[in-house]
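*Asks:* Pulled from TrEMBL, these are the listed features:
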- Arg100, Glu217, Phe264, Glu265, Gln266, Met267, Glu268, Glu371, Thr372, Ser373, Ile374, Gly375: substrate binding site (BINDING)
- 249-251, 259-264, 331-332, 375-378: ATP binding site (BINDING)
- 197-413: domain 'Aminoacyl-transfer RNA synthetases class-II family profile' (DOMAIN)
Amino acid sequence: MAQEDIFKKLVAHCKEYGYVFQSSEIYDGLGAVYDYGQNGVELKNNIKKYWWDSMVLLHENVVGIDSAIFMHPTIWKASGHVDAFNDPLIDNKDSKKRYRADVLIEEQLAKYEEKMDKEVAKAQKRFGDAFDEKQFRETNPRVLANQEKWNALHARFSDALNASDLAELKQIIEDEGIVCPISGSRNWTDVRQFNLMFSTDMGSTADGALKIYLRPETAQGIFVNYLNVQKTGRMKLPFGIAQIGKAFRNEIVARQFIFRMREFEQMEMQFFVKPGTELDWFDKWKETRINWHRALGFGDENYRFHVHEKLAHYANAAVDVEYKFPFGFKEVEGIHSRTDFDLSQHQKYSGKKIQYFDPELGESYVPYVVETSIGVDRMFLQVVAASYCEEEVESNGKKDTRVVMKLPPVLAPVKLAVMPLVKKDGLPEKAREIIDDLKFDFNCQYDEKDSIGKRYRRQDAIGTPFCVTVDHQTLEDQTVTIRFRDTMEQERVAIAELKNMIADQVSFKKLFAKLK
Ligand code: ATP
């Protein structure tokens, strides 16, 4: 099945099984805003717990905060967001559709890459084991021609971005013959800058209302609390402050479901270090963060680092962790070495000294910062995309397809479903008894409707790792059948064993042990 079709199915599945709903759906929805349903919120909370505990519990020198969404407007002046948090936009005059000029060009670069990859794949088929990819890429004329086009475009694009040259971005789009995917035409407007911050008014107009912004990132709430946390927590450098919270961006093109939203959630950690040590810490956090992703077991080959070509003016190193989504490798997390830019700016704009007294050196300085920044929603999409699976199975001697969410059990919204085989003979009561015993440890679900086979499928679709069936034998010997989601194997076990058995499989502790 084509990857786009799988993605469409995933989106439909998320709705059907209570993971993600379009916001304000009964009013025809609101662009790029989504709500999380009864299963979605559980998965989201588990992802947040995985991140929070791995940062705050596992690192003695990382603490958390929760700052307000509304902040003093001068913060966004100091951070550069008022003047420079822009995307270059371009409209197609025929379709009236709006695009990000930089994304159109990036997609063109990806087309050249695809062409090269296709040549390689063809040759690989032809030559089999004897195939030398490196040599082929260095000598094949068609690959070389595309590589040359890629290099030229890439260089031109980087120069235009670095110079914020909007006319050149348009020229590139014209020279490359990039067409609007909807109208197919090249009838483009000029490229303009568009600020992504939402604003609103605080206070009544009579008082002289204050124009404030909905924060476009959670990081600034950390920077402006640096002194508070350092002093009250008696923190010594290096130390980090972590925060999870909502962020808002008026994205020009909001596509691909919850990949790019206008209201989303971020998990950010700012790590304050002594100047000159930031690049070592940058490497350490790169390693720590990629291990965090890999520990979920979705396959190391599906992650890669993407080093930024264009560094933001305040950064001296930046890398993205990318995951292979059904629509290609895309950013899930950013790791940035932000120098002393933010704290220095806040020092300048607030007039307050924001420094650290280093007892070893006997002097004060503005700390440098390494940031790790990941979107909860994008991580959610990564997890469901990696877990969604359609499998051919045999059912009563017939071929059938089952849809199963192979979520890591530790993240699964529902850990176990308890099902009485029939709705009589005291079996429902026994099932309830088991739930009453386990519900303080795990999120359990009771299910008595339809045949057992149908109930299994329903739980597979939600991603429930364990189904426990209560039958007549249970009443006699206190044993149940436990069925495992991924293998569909069943085992007879004592009720008394259930807690330990499940706890072992859904344990955060076990997952954290992999991070060492
Ligand atoms: P992109 O290039 O995809 O717009 P970005 O580089 O602007 O992302 P950052 O500002 O570094 O992103 O934000 C950090 C993380 O926040 C991203 O890696 C992503 O996971 C998440 N994120 C950013 N914008 C959005 C959005 N509009 N919707 C959902 N998640 C987002």
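Cβ from N, Cα, C; glycine included.
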*Asks:* Ligand 1 is in the model; which of the binding-site residues Arg249, Arg262, Phe264, Gln266 have a C-beta less than 6 angstroms from one of its atoms?
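*Replies:* Checked binding-site residues vs ligand 1; flagged Arg249, Phe264, Gln266.
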*Asks:* Here the binding-site residues are Gln266, Thr372; which one has the lowest number of other Cβ atoms no more than 10 Å from its Cβ?
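*Replies:* Gln266, out of the binding-site residues Gln266, Thr372, has the fewest neighbouring Cβ atoms within 10 Å.
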*Asks:* Taking 10 A as the limit, how many CB atoms besides its own sit near the CB of Arg249 (ATP binding site)?
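*Replies:* That number is 21.
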*Asks:* When you measure from the Cβ of Arg100 (substrate binding site), which residues in the chain that are at least 6 apart have a Cβ under 8 Å away?
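*Replies:* Correct list: Asp87, Pro88, Leu89, Ile90, Ile252, Val253.
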*Asks:* On a C-alpha basis, identify the one among Arg249, Glu251, Arg378 that is nearest to Gln266 (substrate binding site); the candidates are the binding-site residues.
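*Replies:* Checked the binding-site residues Arg249, Glu251, Arg378; minimum Cα distance to Gln266 (substrate binding site) goes to Arg378.
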*Asks:* Give me the CA-CA distance between Arg262 (ATP binding site) and Glu268 (substrate binding site), in Å, as a whole number.
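*Replies:* Checking the Cα atoms of Arg262 (ATP binding site) and Glu268 (substrate binding site) gives a distance of 18 Å.
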*Asks:* Let me make sure I understand the span of the substrate site: among Arg100, Glu217, Phe264, Glu265, Gln266, Met267, Glu268, Glu371, Thr372, Ser373, Ile374, Gly375, what is the greatest distance between any two Cα atoms, in Å?
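*Replies:* So the binding residues stretch over 26 Å, Cα to Cα.
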*Asks:* Cα of Val376 (ATP binding site) to Cα of Phe264 (substrate binding site): how many Å, rounded?
*Replies:* 8
*Asks:* With the cut-off set at 10 Å between Cβ atoms, which of these binding-site residues ends up with the most neighbours? Options: Arg260, Arg262, Arg378.
*Replies:* Arg378
*Asks:* Using a 10 Å cut-off between Cα atoms, which of these binding-site residues sit near Val332 (ATP binding site): Phe264, Glu268, Thr372, Ile374?
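*Replies:* Qualifying among Phe264, Glu268, Thr372, Ile374: Ile374.
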*Asks:* List which of the binding-site residues Arg249, Glu251, Arg378 have their Cα within 10 Å of the Cα of Phe264 (substrate binding site), in sequence order.
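*Replies:* Neighbours among binding-site residues, in sequence order: Arg249, Arg378.
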*Asks:* Return the residue, from the listed binding-site residues Glu251, Glu268, with the maximum count of other C-beta atoms within 10 angstroms of its C-beta.
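*Replies:* Result for the most crowded candidate: Glu268.
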